[in-house]
Amino acid sequence: MKIALYAGSFDPLTNGHLDILKASFVLADKVIVAIGIQAKKESLFSFEERVDLITQAGKELLNMGSDRLQVISFETLLIDKAREIGASFLIRGLRDGTDLDYEMQMAGMNGLMAPELQTVFLPAGVLGRVITSTLVRQIASMGGDVAPFVPANVARALHLKFQSSRGSDCVS
């Protein structure tokens, strides 16, 4: 069984992430989405919320059975988690040349430390090339419509998250 490991923060999951996830299923029997947990990095969504959002979007939009998609966390080196779960290869999405430069450095280091693990680069679709989780969070925080950039369940979750924070900023 070919197992792909697709790692990121997914805070929030975007349609660009889903494009890469969907393409991963062409190459792998199972895709494990690994959410990186960094104590120093403050996330908008908790790990549990991100698991739910990814799982729901994966099932709804990708029409995949739950046995082909798994969501886990990791706080170690990615290669250590990949070895632990028996991953066949790592998946990395590319939006542009800047991503390629960074990802080639990471793949090089990973290859030196874990030569048995290959990194597979998947190009983002045309619409996914301009989407970043950071931009989506900024748009949502200002009350903008993020529906074109994220799955419907994520758009709802962002709306609720920022609606409650904007409501608490109001002065009576």
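Glycine residues also receive a Cβ, built from the backbone N, Cα and C atoms like all the rest.
Owing to the predicted nature of the structure, the values given are computational and were not obtained by experimental measurement.
Here Ser9 (ATP binding site) comes close to Ile35, Gly36, Gln38, Lys41, Ser43, Ser133: these same-chain residues lie at least six apart in sequence, with C-beta atoms under 8 angstroms from its C-beta. The feature ATP binding site is assigned by Swiss-Prot to Ser9, Phe10, His17, Gly93, Leu94, Arg95, Glu103, Gly128, Arg129, Val130, Ile131, Thr132, Ser133, Thr134.
Taken from Swiss-Prot, the feature substrate binding site covers Ser9, Lys41, Leu78, Arg92, and the record attributes it to sequence analysis.
Residues or ranges marked as site 'Transition state stabilizer' by Swiss-Prot: His17. Non-local contacts of His17 (ATP binding site) by the CB criterion (under 8 A, 6+ apart in sequence, same chain) comprise Gly8, Phe10, Gly93.
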Drop a 10 Å sphere on every Cβ of the binding-site residues Arg129, Ile131 and tell me which sphere holds the fewest other Cβ atoms.
Arg129
Between Glu103 (ATP binding site) and Arg92 (substrate binding site), what is the CA-CA distance rounded to a whole number of Å?
7
Listed ATP-binding residues Ser9, Phe10, His17, Gly93, Leu94, Arg95, Glu103, Gly128, Arg129, Val130, Ile131, Thr132, Ser133, Thr134 - what's their greatest C-alpha to C-alpha distance in Å?
18
Relative to the Cβ position of Lys41 (substrate binding site), how many further Cβ atoms are located within 10 Å?
9
